[in-house]
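Enquirer: Encoded as structure tokens, here's the structure I'll be asking about.
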């Protein structure tokens, strides 16, 4: 990788050289933590702290001025929200809108409702923004309406769907009659006779099946949200399912797409899925998560990768760690070998049953399992506050059969490393490189995000340990841990 030192104050400098830790004896006060987002704090979610970035707004009404004060808000009280929703925000430690919420909420809450395509970094409040919009549009004035689906949120995985349900439960805890339903694959295939709830959160295939079987009535839906929209619209199968679900919904439904990344081709697709939408975007150079020390290790071959991981085990358990691999088979093999050698690890892939997946992620959130081996099923949206390290055991890549050169998957890399260093904390991401092709893919990532990824010499494990421990200690000190 590039050997030049980044200029002081540059993006690369901020990422590869996190600030010195705050004194452990001076933990942050609640007032200094305006929000939690991703998972609610009650679920072990992370506090929201924002880096310096600019939110760009493009209005569907080209004659309107996006800088008009009407399209920005500084206080939740200025939005005319139900006092019970404000009470829920207060219970979640929401003191003022995040930067993305300042611009998104006036656009989301306007009447008549307009579509929105929103791009924002992980941990900047996008989950709370679309949940707030949904809660403000619900009519819970009768028992019948409370049991009638009025809002639908689609997520790519059951883990993210369950996390979103938790946010709705906490934010909407003071709304009488709020009923939330989850539409994710059932282990036994058993389904309820009818979805009697006001908000449905689920995965596209299950939702489509429920609507077709009339388990879920869709004709009263007012809002459709796609979280991690780029993943669902770009992924074969999920994109088709999303389109089919939308075709079954009322034509005047408000469509909201939120994600941390929108590649150009997906953005074009999203514009068709949510026509005449207001847009909120960031430049991709601004998307690399600030506060994550990005490192890479040279490994001679696949076996050396595994031995390197074993050597890192003691550091992996300082906080919590996620190890990302390419395939389910790799996850199972690594787990099997590490457990046989006496290490405590867990794995989570799309190949295991839903209830078992739920149990694994719940144990990880609670800290009972500190090292989690997974595929890209957990790369997006999942917020666990204790994660201090992410390992890219395999560099994320776009599979292009017949291609002469392997292509790094920039968006997946961003989402993966975003599982640590969330909301102002300092985290570590380590990528394993075992051949020239993997090194070139990491180089592609560095160029795309205009950042620096630092090489660590695995011949000197004392140095490796010192660098990583110092960064993790910095993260814990910022949280006031002792």
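Cβ atoms are placed via backbone N, Cα and C, with glycine included.
Straight out of Swiss-Prot:
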REGION    1-49  region 'Disordered'
MOTIF     74-102  motif 'Q motif'
DOMAIN    107-280  domain 'Helicase ATP-binding'
BINDING   120, 121, 122, 123, 124, 125, 126, 127  ATP binding site
MOTIF     227-230  motif 'DEAD box'
DOMAIN    291-464  domain 'Helicase C-terminal'
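In the displayed structure, how are the listed features positioned relative to their neighbours?
Expert: According to DSSP, the motif 'Q motif' (74-102) comprises 17 helix, 0 strand, 12 coil.
The Cβ of residue 125 (ATP binding site) has 27 neighbouring Cβ atoms from other residues within 10 Å, across all protein chains displayed.
Within its own chain, the motif 'DEAD box' (227-230) is flanked in space by residues 117, 126-127, 130, 153-156, 160, 164, 257-263, 266, 270, 380-381, 411, which lie at least six positions past its ends and keep a Cβ under 8 Å from the stretch.
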Enquirer: Give the residue counts of the motif 'DEAD box' (227-230) per reduced DSSP state, in the order helix, strand, coil.
Expert: 2 helix, 1 strand, 1 coil
